[in-house]
Amino acid sequence: MKTALFLLFALVFIAVEARFCTPGQRIRAPDGCNWCRCTKGGRIGGCTKMFCRKNLVKMDCKPGKKFKIDCNTCICSKEGKAAACTQKLCLKKRPKRSLINIEKSERNCKPGQNYMSKDRCKKCVCMKDGNSACTKVKC
């Protein structure tokens with residue numbers, strides 16, 4: 001019971017501490033690396049945006065050089081032995097797949113006319129050049 005009360009008190013204290021601060025006070029940012037200033041309203045305001053040690057990637061590179069790894073931007077350290085990188089989630093680009101096939105028209109048709117393929121599986125439209133654009137569907 002005492003432990004539960006202590007934990008409840010600690011959580012309330014942490015929540016209150018996180019929401020309010022002394023105006024003008026310098027506070028360590030949640031990342032443990034950057035610093036923030038407390039606003040006149042007692043809230044955490046502007047913070048520094050330094051690259052933090054936990055964001056370092058060990059590598060040999062040209063000191064001060066900026067480069068990309070996937071979608072993240074990195075800058076090489078002064079020593080040229082590590083780089084500080086942003087930590088964005090990079091989604092791999094999928095190759096573009098065509099949803100239609102351009103093929104010789106199966107029949108004489110008027111440009112803009114829609115029809116079903118002979119196998120009755122694909123929807124097609126006649127184009128001005130005499131070819132057809134048909135959906136790519138496996139039957």
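The backbone N, Cα and C atoms fix where each Cβ goes, glycine too.
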For Cys109, what is the disulfide-bonded cysteine listed in Swiss-Prot, choosing from Cys85, Cys90, Cys126?
Cys126
Cysteine from Cys21, Cys33, Cys47 that Swiss-Prot links to Cys36 by a disulfide bond:
Cys47
Going by the disulfide annotation in Swiss-Prot, which one of Cys61, Cys71, Cys121, Cys124 is bonded to Cys90?
Cys71
According to the record in Swiss-Prot, which candidate from Cys61, Cys85 pairs with Cys74 in a disulphide?
Cys85
Based on what Swiss-Prot records, which one of Cys38, Cys76 is disulphide-bonded to Cys61?
Cys76
DSSP-wise, what's the residue breakdown of the domain 'Pacifastin 2' (58-93) into helix, strand and coil?
0 helix, 14 strand, 22 coil
Around Cys126 (disulfide bond), how many other C-beta atoms are within 10 angstroms of its C-beta?
20
CA-CA, which of the disulfide-bonded residues Cys61, Cys76, Cys90, Cys121 lies nearest Cys33 (disulfide bond)?
Cys76
